[in-house]
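See structure below.
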Amino acid sequence: MSATDGGGAELRRRLLAEGDAGQQQQQPQESPKQPQQQQPPECATTENSDHVDSETETEERMPDEKYVDEMAKKLPQGTNKMPEVLGYVLSGLPDRWKNWVIRGIFTMIMISGFCLIIYGGPLALMVTALAVQVKCFQEIISIGYSVYRIHGLPWFRSLSWYFLLTSNYFFYGENLVDYFGVAVSRVDSLRFLVKYHRFLSFCLYCIGFVWFVLSLVKKYYMKQFSLFAWTHVALLIVVTQSYLIIQNIFEGLIWFIVPVSMIVCNDVMAYMFGFFFGRTPLIQLSPKKTWEGFIGGGFATVIFGLIASYFLCQFQFFVCPIEYSETEGRMIIECEPSYLFRPQEYSIALFGASKTITMYPFLLHSLSMSIFSSVIGPFGGFFASGFKRAFKIKDFGDMIPGHGGIMDRFDCQFLMATFVNVYISSFIRYASPQKLLNMVYNLKPEEQLQLFNQLKDSLEERNIINL
């Protein structure tokens with residue numbers, strides 16, 4: 001055996017002897033009734049790691065059931081809320097019928113308000129979409145504040161609204177550049193904002209990102225990052241969908257009014273069918289939803305969608321894209337209706353006989369939207385129901401008596417807006433001369449001249465013009 005091996009063996013024997021002696025010294029101190037608490041290893045202490053101690057870990061856990069119950073009692077709920085006058089008048093009715101009457105009254109009020117906003121034109125609709133978006137964001141973020149108990153954290157409420165403003169600056173600025181870029185670019189003070197819009201938006205987001213990092217408090221890392229993610233998910237659900245709604249409005253009011261009305265019809269008729277005929281539960285997330293309401297609301301929505309589409313197709317105000325007129329200095333809704341909104345003849349072979357019918361092609365697209373709003377649209381509501389059940393709350397707010405918060409009424413609308421935008425871009429949209437002109441005006445003068453000469457040569461070759 002070498003000297004090295006001998007030295008290693010001797011060292012191992014000494015370490016084992018010291019370990020046995022240490023254990024013998026600790027045994028008299030141990031008591032079966034009061035066992036010593038196991039100490040964490042040195043590498044896990046706060047002095048040697050960014051990991052927090054056990055007390056802080058307990059505070060950073062997700063809220064337990066007891067706290068969620070307490071939080072649910074504090075958040076405002078609107079389903080059972082009603083004005084005092086109506087409460088007095090309906091005091092003799094059972095709660096089930098009382099809620100039915102309240103929901104019916106405020107449903108009619110909201111539908112009437114929606115008609116007035118449509119009468120106000122596209123600008124009124126866009127402002128309303130922005131207002132609804134802000135209120136929905138506030139309701140979602142309020143739940144986050146309540147769940148994570150972070151009212152005392154520095155700057156987080158301000159940061160949430162800052163990210164909302166930044167997101168709106170980016171998305172609404174994109175719409176402004178797309179549809180009003182030519183007019184805005186002619187104003188010298190705004191040309192810089194148009195040209196570098198995306199870069200400025202990114203810089204604003206970076207400011208918020210740095211602001212968030214600097215506001216981190218060691219004791220609340222988990223809570224702050226959780227709410228940071230919560231804020232961004234809320235922005236994804238609310239702001240991006242609002243941006244798509246604005247884009248749908250610019251394609252023509254019919255692409256906004258018909259889908260929104262379909263969701264409203266489906267919601268109302270599903271409630272009516274379920275209230276009077278509902279017997280079979282549909283989904284566990286929302287126990288009051290029934291198959292009878294789901295199917296009845298679906299059929300009613302398809303019929304309503306075809307009737308509403310047929311009516312709206314007859315008016316330029318609803319079918320024409322919204323464009324900015326440089327001569328008039330305002331948005332106009334004037335055009336020659338496209339193929340979709342002019343009656344066309346279709347031949348149908350039925351039982352060996354050919355029959356010709358005349359209809360608007362848009363009705364076929366309306367049928368697709370009504371099927372989506374009836375079959376897939378309600379799952380936006382089911383998603384919201386699951387979200388609310390996770391925190392044991394019934395409503396997002398109490399702004400609308402009998403209904404709850406604004407988010408409770410628009411949970412399905414956001415999913416529908418995305419579908420309509422994707423549907424238009426996939427099957428309907430064509431190159432817009434207005435957008436092409438915006439791009440041309442942003443070119444350098446020599447590039448514009450080169451484009452003009454190439455376009456002139458092409459038109460002459462095809463005998464479209466003779467110069």
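Glycine is no exception: its Cβ is also placed from the backbone N, Cα and C atoms.
In TrEMBL, annotation is done automatically, which means it is predicted and not curated.
Per TrEMBL, the features are:
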REGION    1-66  region 'Disordered'
COMPBIAS  23-41  compositional bias 'Low complexity'
COMPBIAS  48-66  compositional bias 'Basic and acidic residues'
TRANSMEM  100-119  transmembrane segment
TRANSMEM  155-172  transmembrane segment
TRANSMEM  199-217  transmembrane segment
TRANSMEM  229-246  transmembrane segment
TRANSMEM  252-278  transmembrane segment
TRANSMEM  290-312  transmembrane segment
TRANSMEM  362-384  transmembrane segment
Counting Cβ pairs under 8 Å that sit 6 or more residues apart, are there three or more between the transmembrane segment (100-119) and the transmembrane segment (252-278)?
yes
Sort out the residues at least 6 away from either end of the transmembrane segment (229-246), same chain, that have Cβ-Cβ distances under 8 Å to it, and list them.
126, 129-130, 132-133, 136-137, 140-141, 144, 159-160, 163-164, 167-168, 171-172, 174-175, 256, 413-415, 417-418, 420-421
Six or more residues beyond either end and a Cβ under 8 Å away: which residues meet both conditions relative to the transmembrane segment (252-278)?
100, 103, 107, 111, 114, 118, 122, 125, 245, 288-298, 300-301, 304-305, 308-309, 312-313, 317-322, 333, 341, 362, 366, 369-370, 373-374, 377-378, 381, 412-413, 416-417, 419-420, 424
